[in-house]
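Over in Swiss-Prot, the protein carries these features:
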- 100: active site (ACT_SITE)
- 156: active site (ACT_SITE)
- 123-126: disulfide bond (DISULFID)
- 195-231: disulfide bond (DISULFID)
- 40: N-linked glycosylation site (CARBOHYD)
- 128: N-linked glycosylation site (CARBOHYD)
- 1-22: signal peptide (SIGNAL)
- 35: site 'Involved in actin-binding' (SITE)
- 89: site 'Involved in actin-binding' (SITE)
């Protein structure tokens, strides 16, 4: 019995060591993330617990015109150490008065931001732009991982245009490659890539799915939703040989925070109707 307990403790320690020697990245659509949600102590506590799992986290559906909620989030993430997390946030994006931001929070002792830009998807007032919320792309330096530099392309796709927007991520990928002479690119977010928004018949016309450079890490069979639906809306796609080799096998998955924290469905849905999707990169 004592030997079995010792073996269990050693395995647990090995798991913690492996986690410490890796870089964990996530995309999380926090439904209607703003002042109301961050003013709720229970919800904000769970959000901070979830985000604290990650070295880089992309947050979507940020509805925070004055960045008050973002400031509260950073204060709570940095409660013990003011340098735990830094952030990069986009301008408000959207074709109508409804706007959202993309927000990246990251650990500066693990990665640093080398550059960022808002992808130019055409003339919005003219009605010929491609995305409802065009990607705000960030290039990271990661000295301690096998891949030293990589870009993250975020997308919260409009449900009614999901297939077309996912296809157009191929053009964003080409633009990032040309702009930064960089092959290692991660595309992630709430693509609405499942159920009625993207069906089996759509996939053959989506270049991001059909082209050889891309590996889709979250499968069509995954469930990234909190409610009783079973939809693989949230995805992580990687391109580039170094980045693809750096992915820890089988590390990409939704994080079911409802089960992890023992929450009721009501409480879980108050946090978000999506689970984060996450992936781990190997250390050098």
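Glycine is treated like the rest: Cβ placed from N, Cα and C.
Counted within 10 Å of its Cβ, the other Cβ atoms near residue 231 (disulfide bond) come to 19, all protein chains included. For the recorded site, residue 35 (site 'Involved in actin-binding'), the DSSP three-state label reads helix. The sparsest Cβ neighbourhood within 10 Å, among the listed recorded positions (89, 126), is found at 126. With a cut-off of 8 Å between CB atoms and residues at least 6 apart in sequence, the same chain places 29, 60, 61, 100, 102, 133, 189, 190 near residue 156 (active site), listed in sequence order. For residue 123 (disulfide bond), the count of additional Cβ atoms within 10 Å of its Cβ stands at 9 [all protein chains shown].
Here residue 35 (site 'Involved in actin-binding') is compared against the recorded positions 89, 123, 126, 195, 231, and the shortest C-alpha distance is to 89.
Taking 40, 89, 195, 231 as the recorded positions under consideration, the smallest Cα distance to residue 123 (disulfide bond) is found for 89. Each of the glycosylation sites 40, 128 was scored by the number of other CB atoms within 10 Å of its CB, and the largest score is that of 40. Per-site Cβ counts within 10 Å over the recorded positions 35, 100 peak at 100. Sequence-distant neighbours of residue 195 (disulfide bond): residues of the same chain at least 6 apart with a C-beta under 8 Å from its C-beta are 229, 230, 231, 233. Look at residue 128 (N-linked glycosylation site): DSSP puts it in coil.
Here the CA atom of residue 89 (site 'Involved in actin-binding') lies 26 Å from the CA atom of residue 126 (disulfide bond). A Cα-Cα distance of 40 Å separates residue 128 (N-linked glycosylation site) from residue 40 (N-linked glycosylation site). On a Cα basis, residue 40 (N-linked glycosylation site) lies 22 Å away from residue 89 (site 'Involved in actin-binding').
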